[in-house]
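Undergrad: This is the structure I want to talk about, given as structure tokens.
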Amino acid sequence: MKEEKVKTFENILRKHSLKVTHPRLKVLEKIFNKDTATSQPELEKSIGEDIDRVTLYRVLNIFEEKGIIHKVFDLHGTATYAICSTRCTTHQHHDEHVHFTCSTCNSVYCLQEIKLPQITTPSGFTIDQIAVNAIGTCNKCQSLKNASLS
Ligand SMILES: [Zn+2]
Ligand SMILES: [Zn+2]
Ligand SMILES: [Zn+2]
């Protein structure tokens, strides 16, 4: 890990009043460095022996609670995690963007630039969360398809 990056991750933890620990830094780095959401099994695989399963589970839980990462389910119903927008705080997620799941590679993308529409509810109804999941073919799989066709 580059010194500068470590500093940034430490700052993220401190900003959310979390103690800086090796597992927390490691998990943050892994999730941060991927352009798609990461599942717990994927994290286990890429981190390896370094962090045990229970610790990983706890780190993911506290990150989600603190508004550092948000959970999105992939096509198989597996929870995947992506970095939150800077507006997320403890118990208050503001990740109001479309999630895109690729039906070919099962990757989950945060489409940050596509905001969710404002929805007015009938009286007596309150919305806690709106989720829009788009399913299709991601740009990587699309270019592979195109390449095999030409
Ligand atoms: Zn969030
Ligand atoms: Zn794909
Ligand atoms: Zn997202």
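Cβ atoms are placed via backbone N, Cα and C, with glycine included.
Per TrEMBL, Zn(2+) binding site is recorded for CYS102, CYS105, CYS138, CYS141.
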Undergrad: Suppose the Zn(2+) site is CYS102, CYS105, CYS138, CYS141. Which further residues of the same chain have a Cβ inside 8 angstroms of that site's Cβ centroid?
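TA: What remains near the Cβ centre is SER103, THR104, ASN106, SER107, THR137, ASN139, LYS140, GLN142.
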Undergrad: Based on DSSP, name the secondary structure state of CYS102 (Zn(2+) binding site): helix, strand or coil.
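TA: DSSP assigns CYS102 (Zn(2+) binding site) to strand.
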Undergrad: Sequence gap of 6 or more, C-beta under 8 Å: which same-chain residues meet both conditions with respect to CYS102 (Zn(2+) binding site)?
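TA: The answer is VAL108, TYR109, ILE135, GLY136, THR137, CYS138, LYS140, CYS141.
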